[in-house]
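TrEMBL lists 10-442 with the feature domain 'Major facilitator superfamily (MFS) profile'. The feature transmembrane segment is assigned by TrEMBL to 48-65, 77-102, 108-126, 138-160, 166-184, 196-216, 228-247, 268-289, 295-317, 329-348, 354-376, 634-655.
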Amino acid sequence: MNYNLKKRLGLAALSLIMFIVTLDTTITNIALPTITNAFNSNLDTSNWVSTVYVLVLSALMIPAAKIGDQLGRKKIIIFGLCLFGIGSLLCSLSGSIIMLIAARALQGIGGAIATPILVPLCVSLVGRKQANAAVGRIGAVAAFAAAVGPCVGGLIIEYWSWRGIFIINVPITVLTVILIGACFKESYDSTISKNIDYFGIVLLSTTLFLLTFVLLKGYDYGWLSTRIIFMAISALVLFIVFILIDLRKKYPLIEFSLFRDITFTSSMVIYFACGFTIVCSSVVFNFFLENILGYTALHAGFIIMFSSLMVMVAMPLGNKLGQSSNFRWPLMTGTILMALGALLLTQLAYNMSLFQMIFAMCVLGLGFGLGSLSLISAVQYIPEEKAGIASGMVNAARQIGTCLGIALLVGLLNNNISEAVNTTKNSALAEIATANLAEHVKTISSQEISKAFKYNGTGKSTSTIDKDKIVDAARQTSNLPQPKKSTDLYKLYVSEKQIDGGLDKVTIGTSKLQNNLTKAAVGSQQLYSGTTSLSSSLQKISKLAASQSQTTSESYGISEIVDGSKKVTTGTQQLSEDLIKLNEGTLAINDGSKKIKDKHGELTNGIALIAQKRELNQVLRHIKRQKNTELTAAFNKTFLVSFIFLVLFIPISYWTDKSKIDHKTTGVSYD
């Protein structure tokens, strides 16, 4: 195999290794809800799928780099790749959440072994002069992989399975093992002892493990909990013991002499800041998109992907500029852009446009891409034989930066969201209490709001509002309040009430008339009976008078009286019949007015129900707006802290490179 082909294939292998190891630090974040459901687990347990990988990476990178320098980088990286591939395969075949976590730990061990050896292998492959450009490509791949993780994870989960995010590593690992074996020669750090410092490795690894654990799990267990305080104190004590012992050794585990080079130290700090920055987009912003805006993992991944695209643009351009002059200005620009991207994210709003979100991701991606050039600037003045341990220290700094970002930003975000949820709940309950609603509606609404506004640290409430219960309560017509005076429905409601009052008067009047007519009918019946009796008596008198031969005038008078009494009887009978008919009509009027009153009562209740529905909808909309405002403000406060934090690194970025004159006239001893 000719040299050029070997160089290209070797760089491709190193880039692929950096890609899959870095990708797996962020790709699982988006898969956690799916994994939790797949194993019927809880979020606290499934979080360890991501946590254990970062824990092992952070704890073992520096020791792995040292062992590679001592025993041979080629054989150690192949060993690490084999562990990573086996771990990935076991992850994809996991039948339980515990097996998955254990497999992720094995995967992390492999990644921790392989990652810090990439830079010294790159230097040995292309030579010192071309090393910066080659390391720049590998760094670009690392930055791209970290940023693109959520998008790739979203695609795989959407169109395949969560197991796919681990399966894809297996063939890539096999390919890279073959390429490493074919393209690289064995290399060592010839200036150090071959004796492995097992005690130092245990001390340092334990220190880094405890520190990372405290940063990742401090919020979950409580920063003042006995466990976290004990681990923090233990990490500090072990680190002090490690330094005191290591400084006295002829061949220390950590090359403290590297810190004399200000470009190395400053670049390592900036790479630490890059690790912090990636949390802003891949964790916190992704959290906002999925859990607040309700985007799917795929949709959220596509928005975040724009930061990845900018990384692909920024790193090659920044690397060329750094090679032609120096890396100071690209790194200063990158640090400023990272801070500016965080500042743009402080303007998040629930109705924020897609363009604004993409623009913020682009700025953050440009800054992250340029800032990741610190991986190159950190080792550009380091002797070739020290590139391994230097790379391990720089990569470990980035992992710790990511852990700090998770600890600070996610912990702060959870606290801010918890406060926002409580504020919204209290305000909502107060608004429900003063709203123009029936008491039973207030009771049901308050109960549902209290259940829904419970934050469990996942970005979602433990339950949702049961709107059907509230709707059913709002449909009941008992104890309905009248509409507010300021509304149009109030006038209509009052008019209907006035009509109801008039109908009441009609009902009362017809009832009185009915009673009077009933009395009149009774009187007419009595009159009819009396006139009938009178007429009968007069007829008897008339017959008696005729039999006693009364005078004609007397007989005529009696006949007139009889005829008159008959007419009175007939008139009385007619009056009685008319009064009965009138009474029946009055009854019909009374029944009709009652029916009209009942219908008007339904109409009045309908108006009150409409008014209550309007009031309830208005209150619920206001509660939703306030919830969105409060939750968005929680994210804005979190990004403001990240902005302030990143601003502190801008002055440090000035020292990430030397002028060409300084480099020629000054030097640093690494003995």
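Start at 1 and count along the chain as shown; that gives each residue its number.
From the backbone N, Cα and C atoms, a Cβ is placed for every residue, glycine too.
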- Counting only pairs at least 6 apart in sequence, do the transmembrane segment (108-126) and the transmembrane segment (295-317) share 3+ Cβ pairs under 8 Å? no
- Beyond the flanks of the transmembrane segment (268-289) by at least 6 residues, Cβ under 8 Å: 26, 29-30, 143, 146-147, 149-150, 295, 299-301, 303-304, 307, 331, 334-335, 338, 341-342, 345, 348, 357, 361, 364-365, 367-368, 371-372, 374-375, 378, 393-395, 397-406, 408-410, 413, 459, 632, 635, 638-639, 642, 645-646, 649, 652-653, 656
- Task: Name the range, of those listed as 48-65, 77-102, 196-216, 295-317, 329-348, that has the largest tally of Cβ pairs under 8 Å with the transmembrane segment (138-160).
- Result: 295-317
- Output the single range from 166-184, 196-216, 634-655 maximising the number of Cβ pairs under 8 Å to the transmembrane segment (228-247). 196-216
- Restricting attention to the domain 'Major facilitator superfamily (MFS) profile' (10-442), give the mean pLDDT. 86
